[in-house]
Amino acid sequence: MVDVNRFKSMQITLASPSKVRSWSYGEVKKPETINYRTLKPEREGLFDEVIFGPTKDWECACGKYKRIRYRGIVCDRCGVEVTRTKVRRERMGHIELKAPVSHIWYFKGIPSRMGLTLDMSPRALEEVIYFAAYVVIDPKDTPLEHKSIMTEREYRERLREYGYGSFVAKMGAEAIQDLLKQVDLEKEIAELKEELKTATGQKRVKAIRRLDVLDAFYKSGNKPEWMILNILPVIPPDLRPMLQLDGGRFASSDLNDLYRRVINRNNRLARLLELNAPGIIVQNEKRMLQEAVDALIDNGRRGRPITGPGSRPLKSLSHMLKGKQGRFRQNLLGKRVDFSGRSVIAVGPTLKMYQCGVPREMAIELFKPFVMREIVARDIVQNVKAAKRLVERGDERIWDILEEVIKEHPVLLNRAPTLHRLGIQAFEPVLIDGKALRLHPLVCEAYNADFDGDQMAIHVPLSEEAQAEARILMLAAEHILNPKDGKPVVTPSQDMVLGNYYLTMEEAGREGEGMVFKDRDEAVMAYRNGYVHLHSRVGIATDSLNKPWTEEQRHKVLLTTVGKILFNDIMPEGLPYLQEPNNANLTEGVPAKYFLPLGGDIKEAISNLELNPPFKKKNLGNIIAEIFKRFRTTETSALLDRMKNLGYHHSTLAGLTVGIADIPVVDDKTEIIEESHKRVEQITKQFRRGMITDDERYNAVTAEWRAAREKLEKRLIANQDPKNPIVMMMDSGARGNISNFSQLAGMRGLMAAPNGRIMELPILSNFREGLSVLEMFFSTHGARKGMTDTALKTADSGYLTRRLVDVAQDVIIREDDCGTDRGLLIRSIAEGKEMIESLEERLNGRYTKKTVKHPETGAVIIGPNELITEDKAREIVNAGVEEVTIRSVFTCNTRHGVCRHCYGINLATGDAVEVGEAVGTIAAQSIGEPGTQLTMRTFHTGGVASNTDITQGLPRVQEIFEARNPKGEAVITEVKGQVTAIEEDASTRTKKVFVKGETGEGEYVVPFTARMRVEVGGQVARGAALTEGSIQPKRLLAVRDVLSVETYLLGEVQKVYRSQGVEIGDKHIEVMVRQMIRKVRVMDPGDTDLLMGTLMDINDFTDANKDVLIAGGVPATGRPVLMGITKASLETNSFLSAASFQETTRVLTDAAIRGKKDHLLGLKENVIIGKIIPAGTGMARYRNLEPYAVNEEEYLNPPVEEEGNEETTEVVVDTAVETVEETVE
């Protein structure tokens, strides 16, 4: 076998007959498989041991030679080579076909490659191949046309007319083979190039397509006649096995049936030819052979598929590759692995952030080899076999050994569906009793796990390297930030939030108010003994608290609560004391009003202070983000554990529960509803009198009920008691929101019908009062729609993620700096008055392209090519700068990836991105993972305002990434200038917009009902929208440059996600959009050897032009092409990646004709062939490092180098560091 890690590339071509013979170990002549009595393979049959190798290791068929010592000997009795039985997976056979047969991929595919090569229509080809017509091979001196088609009857007439032997015409694949042999590629290509200079319309399109195919044959060295098969390869028997079932029956792969059919028909044809049978019988047999081979290669592609028992279509070779169950997606891209298990998860509140609980019986099975090795090493038993017995018996001694083996050995936990990389994280196992895996409560958010019966899978990394990677890169304590937006993903939730909320509440007049304590311990003791309440405001000496006080704050009394003292206890030392839940307190420290000189009047000071709100979920998130910024991961994960324990402890002490008495009653609910009823009656009256349309009536009624519900909601909020448990749960962000609250205490309101339309009759009751039967029915109506939507959305979102991953999987950080001279000018994204994404958010974590100066003073804020930190971004915005030119993925020059400077920081770590990071996959996951949170609906703008629906949510994201024509498309102008007039034409129900500019005038027809974005006298830029709606990106590309289109798409995606409250970093969308626009269509080849109309990678296009320009020739011109992600995935340079994505047969057909080479640059193609992926530690620059032991003393104090040997490169691999440093002395 070839060593996969030694491959540079992989090529696919058409197989020539001689190639097929060179693969084969013998001809399969009989259709038999195995003998039903002996169960041994038949000679010369489909499972023959002589051809394919022995069925038992190191043993020939007759049993003369047994054991490994005879390896390589071919038995003189039975002819079987003594070798491993594994060769039955790799040795091929062949069938010599007695008549040539066409390959269905090349004849039937779209476009038909055979048809284009011969310039014949697919229908004519079909008639010839399946013996329904003759084709003229050589007209000789007759007036017949070369390649003309004639029926049996016409053929006989022509023979009578011109005499026998006066011309040559044949039928079947043999005729096509003769024609293909006659094709002179060079001559045809030259003629087509000439024709292209003058041709137009349909003729030109056809010529371009033919030229493409002929050029592919010419350049790849494939011969066109190889599309016709004279010899058929037989795949190894272990890839089409026969298994004995209990009961003596056999289960066999469908391929065996299909091969049997071919062999039977081939043998029958041979016999008929020997007997010199009548032509019509031979023809019929040849046609049947052709159909049998078609079925073997792609059953069902032409005519009715061949079926097996129960009229099930048989799975042919093509079906073995296609689809989710095919070879690519089922066995090559994802495999089942050993050393894995799965179980239900339960909560493990006592675990540390980096730990998970593994049941003992699971652990002993997973770590069995490690335990056995240790048993032998300790001389408890002598050999592995005995050790295995010991483990299986459950000997007492194994448990201590297991404890030691799992120490420092991380395991991976995964929860399906794995929507982003946080769906697999590493933990240190802790042995527990029971059968459920224990999971830390804080990692639930990343996994989207809960404990209502979810299951998780566990995997054991085996090699030293795998363990090191799991420990350093994948440990759960390291994953504090979410890769999609750089915000903490591990924030306390539910009980933890509630506990900390309760702990930090302030109340006036509770016991112990105004007491002063000398230190923390005294305050806590007073609280424990019941002298002071947790929420009472008290004083404490600042000197006793280990916090960064200023000089004025020292030797003072701080006014706070016992709860806040406990809350601040868990915070790291360098962090200010947290008294108010806001960012100012977090970054700048406690405001002066909370300090009192020693001996001051504390009661008076307290009475002058307002009560502070407690710390909510959002505040806790901000605290965690700030701590991460200052102290990085280790300290943050320790703090999170302390915050979790504190939260659980105090939510238990508080004992907050929900009872029916906690749901308040709104006194004037009846009046509000009465008023609305009256208004609805008035509206109905107006409609009956014909004053308003039905649509207007419907909108007014629904708006009225919405207003009633909002009124009730406002009353509830105004009258809520901050100590009400439901209000506390809601306000803290632990569970529930105002909508839930108003359904419990106000009214349920309007419901959606299954068709998405809102029903006019509202549900007036709330859950406290209870619903009537009719109301209950209405609410199930709406609820059912919610459930179906969710189910459909999940599938849609998953498929979107798959397409995104596919298009971007080869985008990897390849170098430090690409040295580009272009940048992207960015400003905040806004829609009307609404801010979508601020400039500060867009700048954070990016590199500048140009110097940024203060607009007033001219002082330099930040130089070129510098990283913009959070503080710098704030400084830039505060200075009043509105637009900044930054390094962007759009303008990066790196081939097959991005450079570090154009990408900026890795949002998951907050540091500059490392070379080797697979940013394409991260981007795809970041956009796909929140997909399920987006709505499905097409948004109705109230039925009146516009004539089209605006697509939103998930369908809009798909529309953008697939570059489809949007629903409700906006009309755009191609002229830059002034809108001179807008005329309405009542007869055609349209408006005309006139734009006058320096370069010319434009006249645009827009629908009568369209909402205008411009008015007379307004200035418009090129490509600006004249009406409301979405711009079609392909049209925008025709009038503007590539960067404008990329910027537009980026803004549109952000609008959809931000409107749903989902934050995604710009860079992820940039990576995706760049992948959609990396191809060029050649308009004029100039002096290059490119073909007109070819779609090619922009880098290859530039290279071809470079070579021509150096030689002094005319460069080619091309036009950038915007492709949807599905099309872009299929057009990628890697045929392995494209074939494993969609349309497998089409991709492979095309690749084979072109003789495509896959340079294995992406992740998918390397996974498929089993090579380590070229990202992360798999990159060549990291693979070539040899680790060696380092003397610690020398490492810390390196010896002084002598002069003269500066060239040596010393590489130090330090296991505690993620990156590998190359230090050149």
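Positions of Cβ are set from backbone N, Cα and C atoms, glycine also.
Small disclaimer: the values here were computed from a predicted structure and weren't measured.
Non-local contacts of CYS78 (Zn(2+) 1 binding site) by the CB criterion (under 8 A, 6+ apart in sequence, same chain) comprise GLU49, VAL50, CYS60, ALA61, CYS62, LYS64. What Swiss-Prot lists as Zn(2+) 1 binding site is CYS60, CYS62, CYS75, CYS78.
Secondary structure at ASP454 (Mg(2+) binding site), taken from DSSP and collapsed to helix, strand or coil, is coil. According to Swiss-Prot, the feature Mg(2+) binding site maps to ASP450, ASP452, ASP454, an assignment based on sequence analysis.
Per Swiss-Prot, the feature Zn(2+) 2 binding site maps to CYS818, CYS892, CYS899, CYS902. Counting only residues at least six positions away in the same chain, the Cβ atoms of ILE813, ARG814, GLU815, ASP816, ASP817, CYS818, CYS892, ASN893 sit under 8 Å from the Cβ of CYS899 (Zn(2+) 2 binding site).
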Q. Helix, strand or coil: which one is CYS62 (Zn(2+) 1 binding site) in, per DSSP?
A. coil
**Q.** Residues within 8 Å of the ASP450, ASP452, ASP454 Cβ centre (excluding the Mg(2+) site residues themselves)
**A.** ILE345, ALA449, PHE451, GLY453
Q) Taking only the binding-site residues CYS75, ASP450, ASP452, ASP454, which one has a CA atom nearest to the CA atom of CYS902 (Zn(2+) 2 binding site)? A) ASP450
Q: Count the Cβ atoms, other than its own, that fall within 10 Å of the Cβ of CYS62 (Zn(2+) 1 binding site), considering every protein chain shown.
A: 14
Q. Which has the fewest other Cβ atoms within 10 Å: CYS892, CYS902, the binding-site residues listed?
A. CYS892
Q. Quick one: Cα separation, ASP454 (Mg(2+) binding site) versus CYS75 (Zn(2+) 1 binding site), in Å?
A. 58
Q: Could you say which of the binding-site residues CYS60, CYS75, CYS818 has its Cβ with the most other Cβ atoms inside 10 Å?
A: CYS60
(Q) I need the most crowded of these binding-site residues: ASP450, ASP452, ASP454. Count other C-beta atoms within 10 angstroms of each C-beta and give me the top one. (A) ASP454
Q | Between ASP450 (Mg(2+) binding site) and CYS75 (Zn(2+) 1 binding site): CA-CA distance (Å) | A | 63
Q | Local backbone state of CYS899 (Zn(2+) 2 binding site), from DSSP in three classes | A | strand
(Q) With an 8 Å cut-off on Cβ distance to the CYS818, CYS892, CYS899, CYS902 Cβ center, who else from the chain surrounds the Zn(2+) 2 site? (A) GLU815, ASP817, THR820, ARG887, VAL889, THR891, ASN893, THR894, VAL898, ARG900, HIS901, TYR903
Q: Compute the mean position of the Cβ atoms of CYS60, CYS62, CYS75, CYS78, which form the recorded Zn(2+) 1 site, and then list in sequence order the other residues of that chain whose Cβ is within 8 Å of it.
A: ALA61, GLY63, LYS64, TYR65, ASP76, ARG77, GLY79, VAL80
